Amino acid sequence: MKQSTLHNEKIAIMLSFIPGLGQIYNHQKTKGILFVMIFLLEIIEITFWGSSAVSGLITLGKVPMEDHSLFLLIEGTMQIIIFSLMICFHLYNLHDAKVVAGQLKMGKKVSQNRNEMISNLVENGFSYLLVIPAYLLMLFVIVFPVLVTIFIAFTNYDFKHIPPYRLIEWVGAKNFINILQLSTFRNAFSSVFTWTVIWTFFATSLQIIIGVFTALVMNQKFVKFKRIFGVIFLLPWAVPAFVSIMSFSNFFNDSIGAMNLQVIPLIEKIFPFFSFELIPWKTDPFWSKIAIILIQAWLGFPYIYILTTGILQSIPNELYEAATVDGANRNQKFWKITCPMILAVSSPTFITQYTFNFNNFSVIYLFNNGGPGSIGGGAGSTDILISWIYKLTTQNSPQFSMASAVTLVISLLIIMVSLISFRKFNSFNMGGN
């Protein structure tokens, strides 16, 4: 008890400004030595690598052919993450010293030797041991590339500044200003962004409507051979999207495609009062946009069909029976029971479908390479933002910094729209709040 009354939390915290000393003061010598060793490794890392990495990030090099600006930017970004981990370690060190000192002051037993520390870690910190590696992996796999992209957006990294022959320089918000002020990029961004929104809305809405409609039809009692139809509806999902898109690219070919040579003549034979000319599916921007919207609806509706079918089968029949007793008709049952139940469960999935199609690169690029034609700034008439970014980085005159700036704009838009949408649906209200 005498030891507990003399133990001072403030002293433990003050000593912990040098990691490990607070733990040694708290009679945890093994932990203290470990923390001191980590602190020494931090000093060595900062002295021999960290300081130069941060300096390189600030200057991005001084001598062409000797300094590689891109490598310096990447190394500096890595060092920022390492510094963040160091800060987390120091905060934990202070917190641990304070908590253990408080326990000693109250006369509680704390783990002191190595065996007690390991036993305590297994009992109370096993979940952290499982989670920490995943967080570290996420830090370097997700956060690190995002930070590099953010930094590149504030540089002049383009075809005129390819390291090590030319050094990259910091230019501030110039790339974002150019998107709004330079006529080439302003017009291209405006056109591409408008079409991206139109494409996202119509392609996703159409696949959701078709998926929900087919599920509703197949859920009716009068429908026969449901399993056969179910397999047929899953075929677009079973075939690899790459193969389907390339097949549709040939199918909609203006001169030799089956759509113009076989399907349209067949429609004219069945309905003689209709007369169609050859439709320029791949040479006219309007018809190209119609084609890729139809293709995405074909590719995307099976997933919605499966999801909605599961929801419909989980709705209790008692709800419909009670509605029938109350005199509700089919439309009222759908709008008051079926539709709310579908939205309550599947609204998060519907939102992710919209965000996915906002960045759906494969359909746009594989069908017609973002064409036909060009609208300036390296963008084609059917390019969406993500395919335009790809072209900005792979064309003969790559604009890496501009592509990064557009990427950040896309990310912010998707995050804001997704957060607003998530807050609107009851499926995200947990605990009745």
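The backbone N, Cα and C atoms fix where each Cβ goes, glycine too.
The domain 'ABC transmembrane type-1' feature in TrEMBL is assigned to 193-421.
The transmembrane segment annotation in TrEMBL covers 32-58 (among others).
The transmembrane segment feature in TrEMBL is assigned to 70-92 (among others). Distant neighbours of the transmembrane segment (70-92): 19, 38, 42, 45, 49-50, 53-54, 56-61, 139-140, 143-144, 147-148, 151-152, 155, 157, 163, 168; these residues of the same chain sit at least 6 beyond its ends, with a Cβ under 8 Å from one of its Cβ atoms.
Through the fold, the transmembrane segment (126-155) approaches residues 57, 60, 69, 73-74, 77-78, 80-81, 85, 161, 168-173, 175-176, 400-401, 404-405, 407-408 of its own chain, all at least 6 residues removed from its boundaries and within a Cβ separation under 8 Å. The annotation transmembrane segment is assigned in TrEMBL to 126-155 (among others).
Annotated transmembrane segment per TrEMBL: 197-217 (among others), in sequence order. Remote same-chain residues near the transmembrane segment (197-217) are listed as 223, 233, 289, 292-294, 296-297, 299-305, 307-309, 312, 334, 338, 342, 350, 353-354, 357-358, 360, 364, 384 (criterion: CB distance under 8 Å, separation of at least six residues from the stretch ends).
Under the heading transmembrane segment, TrEMBL lists 229-252 (among others).
Under the heading transmembrane segment, TrEMBL lists 286-306 (among others).
Summarising the annotation, TrEMBL assigns transmembrane segment to 337-356 (among others). Counting same-chain residues at least six beyond the ends of the transmembrane segment (337-356), those with a Cβ under 8 angstroms from any Cβ of the stretch are 200-201, 204, 207-208, 212, 216, 300, 303-304, 307-308, 311-312, 315, 319-320, 323, 414, 417-418, 421-422, 425-428.
Among the features that TrEMBL reports, transmembrane segment is placed at 400-422 (among others).
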